[in-house]
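Engineer: I have a structure here, written as structure tokens, and I will follow up with some questions on it.
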Amino acid sequence: MATIKDVAKLAGVSTTTVSHVINKTRFVAEDTSKAVWDAIQQLNYSPSAVARSLKVNTTKSIGMIITTSEAPYFAEIVLAVEEHCYQQGYSLFLCNTQNEPEKIQNHLDMLIKKRVDGVLVMCSEYTRDSLELFNGTNIPMVVMDWGKADDHSDRILDNSFEGGYLATQHLIENGHKDIGVIAGHLSKTLSKERYEGFLKAMHEANLPVRQEWIYEGDFEPESGFEQMNNLLRLEKLPTAIFCFSDTIALGAISALSEKGLSVPSYMSIIGYDNIHSSRFYSPPLTTIHQSKSRLGVKALNILLERIKIDKTQYQPQTIEFHPELVLRRSVRNLNK
């Protein structure tokens, strides 16, 4: 197996020059650089990733901790992050918590041992103790979406409160006064903020919030299906339902369809996230748009910026994205 000394000898340069060419740590004349790369190719030399990381203090790797990569919302973000990592010459370690808080500790320990250059966090389960452990390593972290505030981490906020308000306001503007909710767990920041936006819009319109129309679950189609069936057992029903994710909306629409009830003529449905498949629902889903690819790319760019600069001079920043209403055909206008 060829060594760096073999490459240096064939190229007629020092091993230090070979190292600078490979790691791009110093300017090397074009002819010299070409001679080095020709020697590398001829000898089929593959530098040790571990040795290179120790030499230049980087592993060219990023860790990403998320709730689950199976959900369409997360999957679209992961795809954008992974593609951008590839374009920037980084590899990605993807860690799923599956809503299990204890998993984050193991993931953090693993990422520290892997000597990742930085970490993206997109889950609500991490604890203050976990953050303090990680902050002690000086590894940069960007908290995406609904994570807890931290003095050492950058944050990207999606303004779920604003999105909840927009969704409810749209239903009200279309003449709906009896509005229900199928949410995720309201103890979670994401659901709590969307619910608070819902409450604000309802209170501004002087509309009552009926607790028997408020259902909690998770962000899966099965939850939307189950909670819609529970709702349909009531004597008095709302004319519209605000589902806290498009996947919840899919389950809710399916439950109505199984009973021969159509959307939106029988009941209007509005979703949240604008996942790729939502436009292909039957009917196409009116929803709240979040730019998943933009969120992922922005988070990674901030992290890469932090990796490259002096950590003692960096001030953590907070970036906000604002949701938008996407009009399709799942909300009936009762004003007509």
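Cβ coordinates are placed from backbone N, Cα and C, and glycine is handled just like the others.
These came from Swiss-Prot, pasted as-is:
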| type | residues | note |
| --- | --- | --- |
| DOMAIN | 2-56 | domain 'HTH lacI-type' |
| DNA_BIND | 4-23 | DNA-binding region |
| DNA_BIND | 48-56 | DNA-binding region |
| BINDING | TYR73, LYS188, PHE219, ASP273 | hypoxanthine binding site |
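Help me picture these features in the structure, burial and contacts included.
Structural biologist: Helix, strand and coil counts under DSSP for the domain 'HTH lacI-type' (2-56) come to 39 helix, 0 strand, 16 coil.
Averaged across the DNA-binding region (4-23), pLDDT in this predicted model comes to 87.
With a 10 A radius on its CB, ASP273 (hypoxanthine binding site) counts 29 other CB atoms from all the protein chains.
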Engineer: I'd like the number of other C-beta atoms within 10 A of the C-beta of LYS188 (hypoxanthine binding site), please.
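Structural biologist: Neighbour count, Cβ to Cβ under the 10 Å cut-off: 20.
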Engineer: Taking the Cβ of TYR73 (hypoxanthine binding site) as the reference point, list residues of the same chain whose Cβ is under 8 angstroms away and which are at least six residues distant in sequence.
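Structural biologist: Listed in sequence order, they are PHE219, SER245, ASP246, THR247, ASP273, ILE275, GLN290, LYS292.
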